Amino acid sequence: MGMKVVIVEDEPNTRNGIIKIIEKYTSHEVVAGESDGEAGLEKVLSLHPDVVITDINMPKMDGLAMIHKIREAGIMTAAVLLTGYSEFEYAQRAIQLSVAEYLLKPLDVEDIIEVLGTVEKKLSKNKVEQVSAEQLLFSILTGDGNDEEMVQKQFAEKIRKQKDQVISMFLIQSESILEDTTNQMTEVLKDSLDAICLTGFFIFKLPYEKQILVMISDGQNVKYLKAIFKTQILKELKEKGEFLISYGELGSLSSLKDTLKQMQEYLSYTFVFQDQCVIDRELVKNLSFERVEYPEYLERGVKRDIRNGNKEGIRRNARKFEEMVIQSREEPKVIKNHTVRFVMASLNTARDLMKNKDIEALYQYLLNDMMKTGIREIFLNNYWKVIDMVADDREKDALTGNGMILNVIEFIRQNYDKDVSLSDAADLVGITPEYLSKLFTREMGINFCTFLGEFRVSIAKKLLATGNYKIHEVAEMVGYKDTKYFNKVFRSIMGVSPSDYRKVF
């Protein structure tokens, strides 16, 4: 697709000649041809062309006055001046008006084609400079661009990547639900890399799952970079929260998407290691796993103990399951699948015996929380939260606080699309908002508003994924009358706007 061009020339033969040359020998489009400066100005202001080719001496308004008016209007359309030998006295003024090129009369076909080619290159360069590296990376990852090769070339220029250069990449995924934690980790990475005098590094917040991508084109030895991360940067990141980290190398930008996908898969192997480490291809390649069959007998045992109300028996079977499965050398995905099966069997058995039938909503939340983490210690902690809740359910005293919270969660589940408040929930269970706030935070580990926001966003994600609704419609469907506030809440939880989330997913 070429440029849009306006021709302003009072000599009909010259004007028509330029139009014919452009239409015959180039891919550019002449959107208007005018005979005086005033008419030319009107067309430029209304059409916003890429280029205006104008004579200097014309009736009503000369070419330089017209360009001056265009600049006053804030329009940076490239200007090409048609000039004769005697008119070079205007050159200084033309320079002040940022005239792109000159065409010397009498006009030549090759000169017109060459000048337009030069202008097009300048405009393309300006567009590259105006597009941020983050936008280019996002275009590569989502495929949201007409010319992938051009986007990759522009991105290479942004990150100063040479043709055969290998880029070192670190992918960090925050385990925190808070967007601020990801921001703090980003600052830690920047400060740490600045401190060791790395110059060719770039840090990007990816538009999903609170991930940060560090690309290093400094040319440093890979072992040195990994050592710096292991001995210094990992400790500083740990102070901000739990995270996963992987490493990969990029030769060609055409393989960026696949390389990043591989690095995201590496993150899951963090589950295998007791100590924090950078997961890379070699580490994963050297891993050996031991096949662990699903322990049917433990499932039968825990179901029996749940039916009999044997709390110690429930915990005993759960402990054996932990030792046999969760602490095993099986692949992380198998461990998680086995654990979900065991926990769901326990929950389904307990559900029929529970006095409070609304407990399922709480269990589902805890189960999702357990599955999201890639760190074994956190996974195990969440596993025991569910198991202990099942075991304690038979004791009424232990359920008093939980029962209230379960009622509140069910209230949210049924009314998330309405104007739900902490006071409404407190009225439901017959306690003060202040006491409910403390109780909810103690039982759930997060406050009421955060839980409500996460619940609404979880529903919004499903609605956005269908592609059937506009953003403001989704906002209303999950209880937000103010679309701007919905965008703010969604971004704080997901790290990306609803519209960008829909593009990725």
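The backbone N, Cα and C atoms fix where each Cβ goes, and this holds for glycine too.
A TrEMBL annotation is a machine prediction, not a hand-curated record.
Over in TrEMBL, the protein carries these features:
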DOMAIN    4-120  domain 'Response regulatory'
MOD_RES   Asp55  4-aspartylphosphate
DOMAIN    406-504  domain 'HTH araC/xylS-type'
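For the domain 'HTH araC/xylS-type' (406-504), the model gives a mean pLDDT of 89.
Asp55 (4-aspartylphosphate) falls within a strand segment according to DSSP. Mapped onto DSSP classes, the domain 'Response regulatory' (4-120) shows 59 helix, 26 strand, 32 coil. Helix, strand and coil content of the domain 'HTH araC/xylS-type' (406-504), in residues and according to DSSP, is 75 helix, 0 strand, 24 coil.
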